[in-house]
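Okay, structure first, notes after.
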Amino acid sequence: MGKYEIAPSMLSADFNRLGEQFQEIERAGVNWLHVDVMDGQFVPSVSFGMPVIKSIRKESKLFFDVHLMMVQPERYIQDFADAGADMITVHAEACTHLDRVLQQIRQCGKKAAVALNPATPLCVLDYVLEKVDMVLLMTVNPGFGGQSYLESCTGKIQQLRRRIEELGLSVDIEVDGGINKSTVRTVKEAGANIFVAGSAVFGGNITENIQELSKLAEIGR
Ligand code: DX5
Ligand code: ZN
């Protein structure tokens with residue numbers, strides 16, 4: 001398992017002041033930026049794509065954790081790699097040939113991760129867990145920011161951490177959806193180490209939010 005990180009989700013940022021807000025999260029000690037790409041098909045909503053990522057890449061040294069909520073992501077892996085992703089996460093539910101897509105990401109020289117929706121069982125990871133850097137466990141049904149954490153996910157995080165330890169792997173567990181001051185401790189204790197937070201970071205005072213979340217998750221700054 002790698003370090004503990006807060007990964008602010010840019011979906012909840014003010015799109016008119018992206019550069020400024022990214023500088024603020026960096027100054028507050030954040031290393032990761034969670035970048036949510038939605039295609040209007042895998043999930044109901046549409047967000048943004050390669051041109052936006054390319055443009056923010058020029059201004060930021062943050063680690064770009066790109067979460068592809070799209071069908072057939074294999075069509076665009078090279079484009080997201082070229083746009084500036086450091087890690088690319090694809091949904092198991094969206095890939096007919098998951099193993100091949102993960103290889104594609106690696107061939108682009110990027111870190112590879114797989115995401116599971118809340119209702120998707122952990123057994124879909126059986127033959128790929130050794131080939132990923134991270135597993136993203138959705139803790140809400142993907143599509144929108146600002147939803148409530150699904151309690152049923154806590155046991156799933158625990159089970160996955162146990163499995164990773166049994167196999168002696170060093171795979172990160174990222175949790176995404178409804179992570180805030182009330183839930184961050186629960187998911188950390190369950191075994192997650194990368195905490196995506198959208199509304200809990202960008203709603204209100206960004207620096208204070210990051211400080212409080214870091215304190216609750218006991219992340220040294
Ligand atoms: C949801 C996205 C999330 C979202 C999280 O489909 O994948 O990354 O931005 O937002 P919050 O933290 O507000 O639940
Ligand atoms: Zn996400």
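Yeah, the Cβs are placed from backbone N, Cα and C, and that goes for glycine too.
The annotation active site, proton acceptor is assigned in TrEMBL to ASP36. DSSP assigns ASP36 (active site, proton acceptor) to a strand.
The active site, proton donor annotation in TrEMBL covers ASP176. Cβ neighbours within 10 Å of ASP176 (active site, proton donor), excluding its own Cβ and spanning all shown chains: 25.
According to TrEMBL, the substrate binding site annotation covers SER9, HIS67, GLY143, PHE144, GLY145, GLY146, ASP176, GLY177, GLY178, GLY198, SER199. For SER199 (substrate binding site), the Cβ neighbour count at a 10 Å cut-off comes to 17, with all displayed protein chains included. DSSP classifies SER199 (substrate binding site) as helix under the three-state reduction.
Residues or ranges marked as divalent metal cation binding site by TrEMBL: HIS34, ASP36, HIS67, ASP176.
Listed in sequence order, the residues ALA7, SER9, LEU11, VAL35, ASP65, MET69, THR89, LEU136, VAL196, GLY198 complete the 8 Å Cβ shell around the divalent metal cation site centroid, once HIS34, ASP36, HIS67, ASP176 themselves are left out. The 6 Å Cβ screen around ligand 2 retains ASP176 from the recorded positions GLY145, ASP176, GLY178, ordered by sequence position. For ASP176 (active site, proton donor) paired with HIS34 (divalent metal cation binding site), the C-alpha to C-alpha distance reads 9 Å.
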